[in-house]
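Listed in TrEMBL for this protein:
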TRANSMEM  50-72  transmembrane segment
COILED    73-121  coiled coil
DOMAIN    127-239  domain 'C-type lectin'
Amino acid sequence: MYNMKMVVHEEEPEISMFQNFRAASRGDAASKGRSGEDSTVAAATPGFKLFRLVAVSLGLLCILQAALNICLRLTLISQRNSLREERDELKKMNSDAMAWSKSLTEERDELERKLNNFTQHCEWVNFDSSAYCVSSTMKNWQESRDDCIQKGADLVIINSQEEQHFLLQFERFVWIGLTDSTAEGEWKWVDGTPMNESYWSSQEPNGGTNENCGEVKRIFSTNSWNDEECSMKHSWICEKRVSP
């Protein structure tokens, strides 16, 4: 029995040595594994840093792009608002100008109306069975007749020497209602009646086809009629019949 115990004690060192060897082997393997992992991590570190740098750069670029887009949008909105304000201001100015132009047109028309009323107004002078009005302005023959017609009258028709003398007192060169515009040399009054009694100046009428309207030209002579171009501007005398 003693010997068996001794054998047991003698084998324990071998078992311990075996266990120590296995532990050492495991330790070496673990050490090698850790060393490999460290090498892998060490090798991967530069690539990871580059990836992180690229990712950060892309992120910054996206932020910068977004900021630029916002700035551009704000600028466009501001410009659009400014253009709208300018458009509205131009519309207002145009509206004001049109209103001002309308006001000026109305004032002009009113002044023309007053002037027309003033020029149309005249003091009628009665003689025999007619009333006579001498214009204060000058117009051509047709315009003068139109003015008389608007007054309910016509250019004067001279039927007697007494009427001729009456008209000379106005002391003006004036259109009378005598013309040969329809047929050269056939002088007629504006009412269509032929000229039966005349008071032409010496050697008148002498204008031929160029002078087709009659006027009183000489104010100190009974024979004072003259043929004149109808486009010339003179004063005129209107005549309208009145009740006797």
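The backbone N, Cα and C atoms fix where each Cβ goes, glycine too.
Break the domain 'C-type lectin' (127-239) down by DSSP state and the numbers are 21 helix, 33 strand, 59 coil. The average pLDDT computed over the domain 'C-type lectin' (127-239) stands at 90.
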